Amino acid sequence: MLAEYLLLPLLASYASAVTISVAKSGGNVTTGLQYGAMEEEINHCGEGGLYAELIRNRAFQGSTTYPSNLDAWSAVGGSTLSLQNLSNPLSSALPTSVRITGKGTSGISNTGFWGIDVRPQKYSGSFYVKGSYKGSFTASLQASNGEVFASTQVSSKSVANDWVQHEFTLTPKKKASSSNNTFVLTFDASKASGGSLDFNLISLFPPTWNNRPNGMRRDLMQALQDLGPKFLRFPGGNNLEGQTIEGRWKWNETIGPLTQRPGRATTWGYEETSGMGLVEYMEWCDDLGMEPLAVWAGLALNGDVVPEAELDVYVQDALDELEFLTGSVDTKYGALRAKYGHPKPWTIRYVEVGNEDNLSSGLSSYKSYRFQAFYDAITKKYPNIQVLASTIDMTLPGNAGGDYHLYDIPDNFITKFGMFDSYSDAHPILLGEIAATEYNNGVGIDWSNTHFSLYPWWLGSVAEAVFLLGAERNADKIIGTTYAPFLMNLDSYEWSPTMISFNSNPDDTAKSTSWHVYNNHMTNTLPATSNDTFGPPLLCHRCETAKTNSHIFKAAVYNSTADVPVSLTFEGVGRGTTADLTILTAPSDVSMNAVGGANVVQSQTTKIKAGKQGVFSFKLPNLSVAVLTTN
């Protein structure tokens, strides 16, 4: 039998001694989802990041917002490239292709997402071709100086009036010295009818997490697995909403074969392929043991709102999505899920309706009819699903929960430690986007003139730790918390800071100072008592099993004037009990983990022993995050 409790003490702005006594019973039980991840297509975190596809602009997808183009592509061998919208395209979803015309060796090269990582491993690729051609294709990975790391011949199956897929593998013999590499695809144009061929959906994947086809980048998934998130909030974020109602994220256009996914204009300045679609998100949840999700709520970022009389079709779309995810194979959309390789339904316990509907002039319609329409329909058909509003700025019906977002300066995170103390547990809150983004300035964030840090920095991360302890202290009211945004490609980003930063070289991936703070947190809470009055009530973690009897204490020290002496006792723990005390610090308050740089977070673990009356005595330095675990 397993019983879990949680204690998370806050130590802030004091240097006097602190005495803490931890009780055995009482406290608040969490949802078990206390910390999670948030993903939306921003910062090329999916396209060019977590989604392992190496070819940028692989299918020339475009929209009225971002028209089709030849970004990342260059002609090879003096050939010419031209975009085509043929009468018989690869598919209606992918109508635009590239025509390569030349004489002799001709082709196309791609620079990837600002580089392609090359190392001794198998790369799996494919491309579609239309046109009469009796020769062969050459696919290769090359350095910018022309050095060839791997090359293979692909016999042509191309015909005049149809699109034919060709597959290949590449296995370099050595690792490239940098990621300044290209993928090159060539053919002998003299053997092609009219000296030209049409190409589309040119793809190349490295080995993926769990070797899933169309899968995820291994180093980023490893960083996420090491963090251990318990839920995934997706697909946004603003990207869920779209700039217009028609431009919203449509779940049914992100499933099925890649040839049937049209892609869409993100709200962050570029087109996405939808290669990382609903099923891939759910497989991500499966692989890391996380829970989902969000649905669209009838609001676009441009302020357009679906009128009440027209909302039913969008509510039905949300129900169809839930049927696709959870329905039996006897249902219409459950059968479609099975067709796409997942006969076993997924379990959905939470659905968030929309994103930040208190913004973009959306709150009035959200309160008056939009949220209620989704809430009523979902709870009627799926009574075991908890429906969350995308704001807490409204009166919530039934058992609905809310979502609260906080981007702020570190000092304001400290002042918000107790903000949930008086909040009702009848409507639990998801802290769906949380981050210290800007240095202390005595005021807060001016959203018309922001000065966000490139990376999380140590002072901000410690301030986040303080706020998180306040959230865990109210664990009966808080469903879970996630940093946001989570990922950033340093070569092309729209928002910083993020939990994890990266470029095309997996060796350069940086787990931020905030990653290290979040990595320390637990799940269930138990009150503690203290004879000191330095701040809010203290909390502790205790875990009992048939084989172990352990306790965990956690603390964050923010802006103290000197080391803080701590005397800690756990009820039932006596003299001589040993514990491991791990203290996280950094060289300075502005220390940060940069892409390609060393980890600045210093972790020191020491063994300590309880003295008389079971007292653990130790000191915590300023700007530290600590964990004590009894043995």
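In case you wondered, yes, glycine gets a Cβ from its N, Cα and C as well.
Per Swiss-Prot, N-linked glycosylation site is recorded for Asn28, Asn85, Asn180, Asn252, Asn358, Asn531, Asn559, Asn622. For 1-17, the entry in Swiss-Prot reads signal peptide, with the evidence type experimental evidence.
Recorded features from Swiss-Prot, shown on the structure.
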residue : record                      : Cβ neighbours (10 Å)
Asn85   : N-linked glycosylation site : 10
Asn180  : N-linked glycosylation site : 17
Asn252  : N-linked glycosylation site : 14
Asn358  : N-linked glycosylation site : 19
Asn559  : N-linked glycosylation site : 18
Asn622  : N-linked glycosylation site : 18
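When the glycosylation sites Asn85, Asn180, Asn252, Asn358, Asn559 are screened for a Cα within 10 A of the Cα of Asn622 (N-linked glycosylation site), the ones that qualify are Asn559. For the glycosylation sites Asn85, Asn180, Asn252, Asn358, a Cα to Cα distance of within 10 angstroms from Asn559 (N-linked glycosylation site) holds for none. Put simply, of the glycosylation sites Asn180, Asn252, Asn358, the one whose Cα is nearest the Cα of Asn85 (N-linked glycosylation site) is Asn252. Between the CA atoms of Asn252 (N-linked glycosylation site) and Asn358 (N-linked glycosylation site) there is a gap of 26 Å.
Following the DSSP three-state reduction, the secondary structure of Asn85 (N-linked glycosylation site) is strand.
For the recorded site, Asn252 (N-linked glycosylation site), the DSSP three-state label reads helix. You'll find the Cα of Asn180 (N-linked glycosylation site) roughly 44 Å from the Cα of Asn358 (N-linked glycosylation site).
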